[in-house]
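Written out below as structure tokens is the structure these notes cover.
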Amino acid sequence: MTETLHADAPAQPGATPYDQLMREMREIATLGSVGAMLGWDQEVMMPDKAAPLRGEQAALLSSLVHERRTRPELGELIAVCQADTELMADPLAAANLRGLRVDYDHATRLPVSLVRETAETTSLAMHTWREARERSDFDAFAPWLEKLMELNRRTAEHLGVPEGGELYDALLDSYEPGMRAAELDGIFGELRAGLVPLIRELTESGRAPDTEWMNIPLSIARQEAFNRGVVERMGFDFQAGRLDVSTHPFCESAGPGDTRLTTRYEEGQFLSALHSTMHEVGHGLYEQGLPKAERFGQPLAEAASMGIHESQSRMWENLVGRGLPFWEWALPELQAQAGSEAFSGLTPATLYRGLNRVEPNLIRIESDEATYNLHIMLRFDLERAMLRGDLAVRDLPGAWNERIQSDLGLTVPDDARGCMQDIHWSMGAVGYFPTYTLGNLYAAQLWEAINAAIPDLDEQVRRGEFGALLTWLRQNVHAHGRRYTAPELCQRATGRPLSPAPLLGYLRGKLRSVYGLS
């Protein structure tokens, strides 16, 4: 078996089948990490004329990884290990093998030709989206989106629709294992029922906080310096990662000791840049907290789900970064960095209130904590409709604009600020958007548990001390990788199943206080 899997390398003396399997998975992950670096380079450094070749490179690498992940010998080796009762008595090895079996079965359902075509199409579609978005030219991007939807349908058909489910479930399962669209309907329905009256109460109260100070310009150089200081205090290891600039902020982990973050800056939008940065750092801290050094390529070194991943980014961005204790520490740091009188009259309380103003926004990543989730529900409904053929791609702008008007009361001026604002569909990531709201739900529930475990957390944050918070996350979330499913992890960390109640309670308490309605 070892000679079959590693034709170019001799078997290690005394290596068990499990050792051989772990070695193979590390090699596959290492090959995949090359693709991750090419993806990062495409968004951060690559010259425009390199796009066609990058598409070929991405396709070739994806097919090579897929071929390694689907070899019959690999499936046989997993089966041999799972038949070892002594090995399966080890809970960590058993969790690894369960994850590897799921991944192998998933991968073997997809033809290598489909994997290669998807990778090449995605690479070219992302490049087209970036250029078309700048011109607000949906017609230029539409053919690519139609192709990506067709590829997603084929992928879902190969993966298989769960009993009683729909095509969307097969894609959703890749990001949030076990979750179903029908279950999301229930969760989102309960959340919407609580959010809509709260948003109405706040926006009609006549007590909107002042936000004029948000227009204070801050040079990009000063924003970069301030953001880096915040990132360092949060605990991100710059010896094992970096922070750059891209059109759409993201986090890419290429493996042990290499976590790449990006953000974006505008002189009059320093808060947007900060919160985008804190969001991505939340992802990065999770990646740096996974046990990759010793377990790279194993499920135990991977995130439990993308909903859990988003819980980490949304927690740092919102529950920390939009909180009063954070700004009681951060505002003096910002004032010192600004090097002028621009922020001298601003108080933490004024900043906190303005920062938490509830006001519908066209842009998802610039939205407040309450209306943000309506953005996600819109995207969930529209991508689900496109996938099943109920909504033609050419009709997406109109459907989008109607929902924005209906849900948020806003008129979309152009497609760049409408259906083209997010990178996700150009990446072929149909089924990802719901994980943002799931992340908000997990984050609020985890936050309750964290505050119970660290009663003086607010005082620590006021001093710019985030070590205890990060340690709790390391111990209760990061260290477990995929040992537990997302629902299991939530139950273990918080003592109860996932519920919209903590998020709704958090938003009601915080926002009514901000508006003086409590």
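Any Cβ shown, glycine's included, is placed from N, Cα and C.
Within the same chain, the residues at least 6 positions away from His279 (Zn(2+) binding site) whose Cβ sits under 8 Å from its Cβ are Pro249, Ser313, Arg314, Trp316, Glu317, Ile365, listed in sequence order. Annotation source TrEMBL lists Zn(2+) binding site at His279, His283, Glu310.
Residues or ranges marked as active site, proton donor/acceptor in TrEMBL: Glu280. If you take the C-beta of Glu280 (active site, proton donor/acceptor) and look for same-chain residues 6 or more apart in sequence within under 8 angstroms, you find Pro249, Phe250, Cys251, Leu261, Thr262, Thr263, Ser313.
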Fewest other Cβ within 10 angstroms of its own Cβ, chosen from the binding-site residues His283, Glu310: His283
